[in-house]
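Asker: So that we are looking at the same thing, I have put the structure below in structure tokens.
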């Protein structure tokens, strides 16, 4: 049986291909931000606590669908008190530093000053990270919340902007060569978009180089190689089955091991424990049938290691496998599940707690790259704060990559400038912003306590007048 597409005129086939790829790019960028924003609801909570505060069959919305009068409200604690539903976190901010840095040098014009479509560099990312740590994401005037220990330590080191890879490796060595958090994996997905037309090995090399800007541990680097390769493969339609996932994993690992042998500067690195890696990304068939059992094997809410890079990598790969398997041509189930699968999978993932925003950020990038923007839940994507701005940046990427009509010149887009086109903020003004944020958080905590107190059952008036205690509230008698 011939493929109907074969009978289309070449121009029509090309237009169809561009539409598909551009939708996937938009899905990747926005889907990742959605995963990040939804993950904030449960970040740093245990799975048990998540179930307690949101319910076993929790439904999250950023609009007024299920929660009729607005978005689902956060469980109120110190971590969430200063934040509002619908906002993404530092995970997406750092991905945007890569995206904006690349767009700044990009252009749809084939004639220019010779530096159009330059690839992201370690030094540009380093400079943007320093600015973010000090001032937040300047184009959107948001604060630098959620800064991790490794990035904070590396970015504050002398000469980081000049020699980021050296500084990050020295920090890794100084801390015993065992620190492998997920901070470079959470930002890597834009590289998979940028490398759409690169060869796979070129893409692997770029992902490894950018990871080492801050994260030198081989586990962090190989995770970025795999994650970026998956995004590229999903966008190109080269990853559409579990078999494709497994083959890409093998190629990425083989590439990494070969480069580790060839690079004299990496002779002192410990040998990559391939079995440890595969344990996190390969799932026995029976386990895939039950989402709880999938994530249970990763122990995503295990307190000592919730930020371990292989947990985030595994969460994303497992979720992708889950979708690919459930939507395979001969899979049991509803054929139109594609419309609901993103919400279902991301919700299931964030209900596991742990580093939920980062896990869902990476998983959201993979799922969005596979499903496309059109399949993202409307009551999430239309309630995403700064969603239109983000959509515009993703569209700019599509135009530069040639999969969407339109013109774009990055240097004319002020939001790609280091200062966001708005000028740097003085230290005094930043201190005022921090003070306002702290006051906002404190006020919400107090209001939350007052609401909680108001919900508690009160003794009948006659008991209060007589000073009598309700048996249910009376403290137990001491046995001493």
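The first residue you see is number 1, and the count goes up from there.
Cβ atoms are placed via backbone N, Cα and C, with glycine included.
Not measured: the values here are computed from a predicted model.
Per TrEMBL, Mg(2+) binding site is recorded for 89, 90, 91, 355, 357, 358. According to TrEMBL, the region 'Disordered' annotation covers 443-480. Per TrEMBL, the feature compositional bias 'Basic and acidic residues' maps to 443-455.
I'd like these features described in context: how deep, what's nearby, how far apart.
Answerer: Annotation note: residue 357 (Mg(2+) binding site) sits in a helical segment as assigned by DSSP. There are 27 other CB atoms within 10 A of the CB of residue 357 (Mg(2+) binding site), with all protein chains counted.
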Asker: Can you list the residues of the same chain, besides 89, 90, 91, 355, 357, 358, whose Cβ falls within 8 Å of the Mg(2+) site's Cβ centroid?
Answerer: 36, 39, 40, 43, 92, 146, 186, 361
Asker: Using all protein chains shown, find which of the binding-site residues 90, 91, 355 scores highest when you count other CB atoms within 10 A of its CB.
Answerer: 91
Asker: Among the binding-site residues 89, 358, which residue has the largest number of other Cβ atoms within 10 Å of its own Cβ?
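Answerer: Per the Cβ count within 10 Å, the most buried is 358.
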Asker: Could you tell me how many residues in the compositional bias 'Basic and acidic residues' (443-455) are helical, how many are strand and how many are coil under DSSP?
Answerer: 13 helix, 0 strand, 0 coil
